[in-house]
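Visitor: Quick one: this structure, given as structure tokens, is what I'll be asking you about.
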Amino acid sequence: MERTYQYAWIIPFLTLAVPILIGLGLLLVPPATKSIRRIWAFPSVLLLSIVMVFSTNLSIQQINGNSIYQYLWSWTINSDSSLEFGYLIDSLTSIMSILIATVGMMVLIYSDNYMSHDKGYLRFFAYMSFFNTSMLGLVISPNLIQIYIFWELVGMCSYLSIGFWFTRPSAANACQKAFVTNRVGDFGLLLGILGLYWIAGSFEFRDLFDIFNDSIDNIDNNVLNSSFAILCASLLFLGAVAKSAQFPLHVWLPDAMEGPTPISALIHAATMVAAGIFLVARLLPLLTVIPYIMNLISLIGVITVLLGATLALAQKDIKRSLAYSTMSQLGYIMLASGIGSYRAALFHSITHAYSKALLFLGSGSIIHSMEPILGYSPDKSQNMVFMGGLSKYVPITKATFLLGTLSLCGIPPLACFWSKDEILNNSWLYSPIFAIIASSTTGLTAFYMFRMYLLTFEGHLRVHFKGDTNSSLYSISIWGKEGPEVFSRNLILLSMNNNQNEKVSSFLNKNKIYQIDRDVIKMRSFSTHFVKKETFPYPHESDNTMLFPLLLLAILTLFVGSVGIRFGQGVTDFDVLSKWLIPSISMDLFHEYLNPSADWYEFAQNAIYSVSIAFFGILIANLLYGSVHSSFQNLDLINSFAKIYTKIRIFSDQALNVIYNWSYNRGYIDLYYATILTRGIRGLAESTHFFDQRIIDGVTNAVGITNFFVGEAIKYMAGGRISSYLFFSLSSLSIALILVYFYLYF
């Protein structure tokens with residue numbers, strides 16, 4: 001066992017070999033490296049699978065041995081302090097390592113086929129492997145300095161991955177937006193780390209936890225500066241807020257969908273957004289002893305839960321809908337951390353990671369099947385209003401996507417049901433208001449997830465549809481409403497152009513079929529070997545190399561929730577997660593959460609309540625988008641109902657219009673940032689530039705010009721005779737003395 005721990009440092013460096021070898025190959029023998037480019041997927045998957053086996057072995061030893069292992073090397077040593085680096089193996093490290101390795105391996109297998117026609121295939125696998133290296137290095141870090149180094153590497157990888165298709169302007173803008181937004185959080189994290197070092201004199205987690213735990217009474221008695229400690233903890237949390245897309249630094253997450261779909265799956269399941277959650281989990285023993293910080297964490301979490309769910313309601317891009325879903329689910333995890341439910345937070349991190357990876361890879365399979373028909377423009381191939389009726393074309397993708405959807409909705413016995421219900425149960429004990437918001441959001445989650453599922457897989461394929469006002473399909477808008485006569489035309493589907501300055505119009509215009517855009521094909525040709533791809537009249541199922549990861553993730557989504565189920569007294573040995581979490585330096589303050597007496601009656605009551613809310617959301621989604629709506633439409637019941645209750649209909653349309661505009665325009669938060677912050681900063685910069693150029697430089701230039709002209713005037717007065725110089729000097733001195741005399745005596 002000791003030998004296994006001794007070689008644990010190799011975990012992050014195994015996958016580093018792939019980007020190094022690809023880089024050397026492209027530098028030294030580029031033709032040969034490119035000719036065997038598909039072979040590079042094998043070492044990428046192989047090395048990450050070794051990491052997975054190694055992490056699994058560590059986890060088994062953690063569960064059986066309840067041990068923590070830390071090894072440090074001194075980096076710099078002086079009389080006052082020393083800077084060390086090394087690795088820390090505890091339950092949190094092993095959990096995150098397995099999560100990163102399993103999700104990363106599935107994504108790499110999937111990507112081999114998904115990216116096979118892309119010119120950036122080698123660059124893609126280099127980015128992905130380095131992404132995994134950075135995240136694995138982050139989770140084994142034993143101190144804040146090492147965490148910050150790998151934290152920045154994770155941010156760099158996300159920047160490169162989001163802007164993978166950098167020739168596309170939207171992708172270039174998205175990676176810059178993600179980079180700048182995360183700069184805010186990273187700067188806060190750096191200041192927080194330096195502040196903690198100023199207080200405690202150490203970067204090591206163990207030292208920080210011991211110092212702050214021993215100083216609880218001192219903080220209350222103002223022996224330590226509690227205000228400064230609160231400021232430092234808030235700055236640390238700011239880094240997690242930006243990385244995990246929490247309000248108000250969440251704005252980068254939907255734009256990050258400009259990258260390839262496998263990268264989106266990795267970012268949302270196991271790397272980028274998981275980094276912020278990991279940081280909060282690692283620092284939780286420290287954050288709990290600092291006043292008000294836990295309240296701040298839970299408040300930000302519950303705001304993000306609700307905001308992410310509302311912003312997902314009206315999105316038409318399938319990946320952006322999933323992005324806002326990720327934001328909301330991360331809010332649940334942050335809420336659990338803020339209320340001290342460490343176990344529930346990690347449990348939901350595990351279940352959500354596999355469910356969300358399944359959904360993102362499923363969406364990639366859908367996009368992959370739609371691209372030959374619609375072209376390679378994300379505005380079309382990712383747009384749900386062009387989909388529909390895909391069940392018969394992509395049945396395996398449909399089945400796995402439905403499984404992930406049900407899991408995220410919290411339907412038993414799937415994975416997310418167990419973890420989300422534990423968070424809801426604990427939130428009732430902490431704050432009824434937070435619990436009501438979190439419970440209500442489960443209904444919104446079920447609504448927007450089934451809205452996504454129904455728009456994508458149910459109904460008819462809308463890409464080949466010719467607009468006809470007599471057709472029932474013509475009248476279905478993104479909200480499931482009728483368009484032509486009875487219902488408000490303001491809710492008809494938006495045009496495919498994302499430019500919000502353009503007028504709203506129906507995508508099912510009469511006698512019009514959308515064709516593949518030549519400009520779009522030309523744009524994508526920078527990234528692919530083939531300028532044009534063979535077109536198909538209908539979508540087709542993905543290849544086996546893409547379906548295999550979907551099936552494995554579906555199995556994990558079915559059964560991974562069992563690791564955290566509390567079976568009650570007498571069978572607590574089956575509660576694997578609680579036993580797993582015991583050997584953790586982050587668990588010293590949370591033993592009360594590890595071995596509770598599970599009350600199945602109370603659990604069943606809460607579960608029935610939450611599942612009922614979820615089923616209500618599913619029912620509403622079916623009424624608006626499913627076969628129930630079509631049946632009502634064929635029986636003409638909606639029109640007759642609307643004629644009787646016209647005023648109610650008008651009011652409901654107006655209310656839905658407000659909700660739609662709020663959701664589609666991202667809550668106007670991006671607009672606020674663009675108007676207030678961006679323009680304000682630019683205005684301040686222009687004012688500063690004017691002051692510097694006209695005032696500061698003007699005074700300096702004026703002095704120089706004045707000296708120049710004075711010198712020129714004196715030059716013409718000089719004749720080269722010493723007697724003249726003496727005369728002018730004595731005359732000036734006489735005048736000065738006369739003036740002084742009159743000033744003193746008169």
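Any Cβ shown, glycine's included, is placed from N, Cα and C.
According to Swiss-Prot, the transmembrane segment annotation covers 39-59, 89-109, 125-145, 147-167, 185-205, 222-242, 283-303, 330-350, 399-419, 428-448, 545-565, 608-628 (among others), on the basis of sequence analysis.
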Visitor: Is the count of Cβ pairs under 8 Å between the transmembrane segment (608-628) and the transmembrane segment (399-419), pairs 6 or more apart in sequence, 3 or more?
Guide: yes
Visitor: Considering only Cβ pairs under 8 Å, which range in 222-242, 399-419, 428-448 makes the most contacts with the transmembrane segment (545-565)?
Guide: 399-419
Visitor: Might you confirm whether the transmembrane segment (330-350) is in contact with the transmembrane segment (428-448), defined here as three or more C-beta pairs under 8 A between residues 6 or more apart in sequence?
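Guide: The answer is yes, given that the two segments have at least 3 Cβ pairs within the 8 Å cut-off.
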Visitor: Of the listed stretches (125-145, 185-205, 330-350), which one yields the highest count of Cβ-Cβ distances below 8 Å with the transmembrane segment (39-59)?
Guide: 125-145
Visitor: Which sequence-distant residues neighbour the transmembrane segment (330-350)? Criterion: at least 6 residues beyond either end, Cβ under 8 Å.
Guide: 92, 95, 99, 240, 244-247, 273-274, 276-277, 280-281, 284, 288, 294-308, 415-416, 418-420, 422-423, 426-427, 429-431, 434, 438, 560, 563-564, 577-578, 581, 586-587, 590, 593-594
